[in-house]
Amino acid sequence: MATNYIFVTGGVVSSLGKGIAAASLAAILEARGLKVTMLKLDPYINVDPGTMSPTQHGEVFVTQDGAETDLDLGHYERFIRTKMTKRNNFTTGKIYSEVLRKERRGDYLGATIQVIPHITNEIKSRVIDGAAGHDVAIVEVGGTVGDIESLPFLEALRQLAVQVGRERTLFMHLTLVPYIPTAGEVKTKPTQHSVKELLSIGIQPDVLICRSDRMVPPNERAKIALFCNVPERAVISLKDVSSIYQIPALLKSQGLDDFICQRFHLDCPEADLSEWEQVLYQEANPTGEVVIGMVGKYTELPDAYKSVNEALKHAGLKNRLSVQIKYIDSQDVETKGTEVLEGVDGILVPGGFGNRGVEGKILTAKYARENHIPYLGICLGMQVAYIEYARNVAGLTDANSTEFDRTCDYPVVGLITEWQDAEGNIETRTDASDLGGTMRLGAQQCHLMEGSKARELYGAETIEERHRHRYEVNNVLRPQVEKAGLKVTGLSADKKLVEIIEVPNHPWFVACQFHPEFTSTPRDGHPLFAGFVKAAKDNQKK
């Protein structure tokens, strides 16, 4: 079957939840037996978000094949079973970079390179490539209609709709319908103006998703339909909800999936949302609560840890617990002391870069180890736990990472200069390598040691998890740290890189070099997070 395309745009203001709405629609269509994929087109000029500040952009989501992508791809993977790849996210910077590379190579035979047709053709070709092999491809355009940055993407999608045929394409526009308390009613004018903006560039939306803090009344929906040239049944109300996992059922209750299947002439069964109903039941009926202290350096923007936040919630679902996250700035641990860590049932130190606040993270690992508080370290969270153990248990008092101190006496963590990728190829890096796109990225195999907590949790000898780092445990000094009692319980496929460590004689102290949050989903959870949250609950009984 030829691929059908749903193009998702946003209007009026940003941050309305295009990604969540698109992923929720994808979940319904997948529940109808369709093979669905999703793409995100980002208008910024960065080649990828890998070097962007987490406090500006939010987290960088890493795909199975090692692409550093927008956090919306994390939403996509949490809502549907399809795994995202480097083909599912591209930016203006990546498009221009490829077009310029082709021009230098002579592919355009001396033509004058222009936005139309060369940039738009490259966009179309990447959309078609990313959608190949699926029944439905949902393509989200970042930004807001009217932004100058998104114009080439919108023009490319307009052309693609003409070339593929309108019977196989659908434009879905998400817009704001604000409630004005002084007037006591919702206002449709912003939506009308947003659609007018879209029409001015040649795109007539087929479906309107109306974001509001309440359900849009029938009269206003009819008004929007009339003035925006959209069937009334295609004006969908999307109100604020307490959980994003309620949205698939909310969209289905208004017949959005039926409208789309009829539009594409798809003969498929009704959506079976029983798995999502189970998720909502678990979420609404917890048997207890745990408080997790997340100690990081980007805590002013929780979206910087989006996948970690969601993975903790998923672990709560698996344990029938409500998980409350207490965000703690690691610099506060340095300046105010470990008192700021009191009152939590478990401590999680997520990934990060740079030396700001790192001593606070090391103090946090020490506090968790000495006070027998469940600890989960991820990426840098493993490295600081290793440094802390080396300093305070193994007696290597000046132990550090060369990322933070190049002249320390005991560089127990250092730059990885060589590693084996998932395909078995050897990759190399040096201090002179570029900052962007030079980390150990994507899924890598890990061998778990017999008798370890990690082996017990995963129930397997070999696992595969995603990485994003350029520093690792220094094997030269590793014997001294292990001799002091620290257990290395996970190693890379070639046995050269430390992937998991555990502290013995502790209720639950596990730290990993990889990012388990990227593979956690609301339906399946993740064994490390589930084990950590259970240990946090058990800690309350002490």
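Each position is counted from 1, following the chain as shown.
Cβ atoms here come from the backbone N, Cα and C positions, even for glycine.
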Further L-glutamine ligand in Swiss-Prot, beside L380, G381, M382, Q383, E403, R470, within candidate set G343, G346, G352, G442: G352
Record-annotated ATP site (Swiss-Prot): member among D70, D72, D303 besides S15, L16, G17, K18, G19, I20, K239, D240, V241: D72
Candidate with sparsest Cβ neighbourhood (10 Å radius) among D72, D240, E403, E517, the listed recorded positions: D240
Residues close to L-glutamine site centre defined by G352, L380, G381, M382, Q383, E403, R470, Cβ within 8 Å: G351, F353, C379, V384, S401, V413, H469, Y471
Among G17, P190, G352, G381, the most crowded of the binding-site residues [Cβ within 10 Å]: G381
Residue pair D240 (ATP binding site), K223 (CTP binding site) - Cα distance, angstrom, rounded: 21
Sparsest Cβ surroundings (other CB atoms within 10 Å) among the binding-site residues S14, T188, T191, Q192: S14
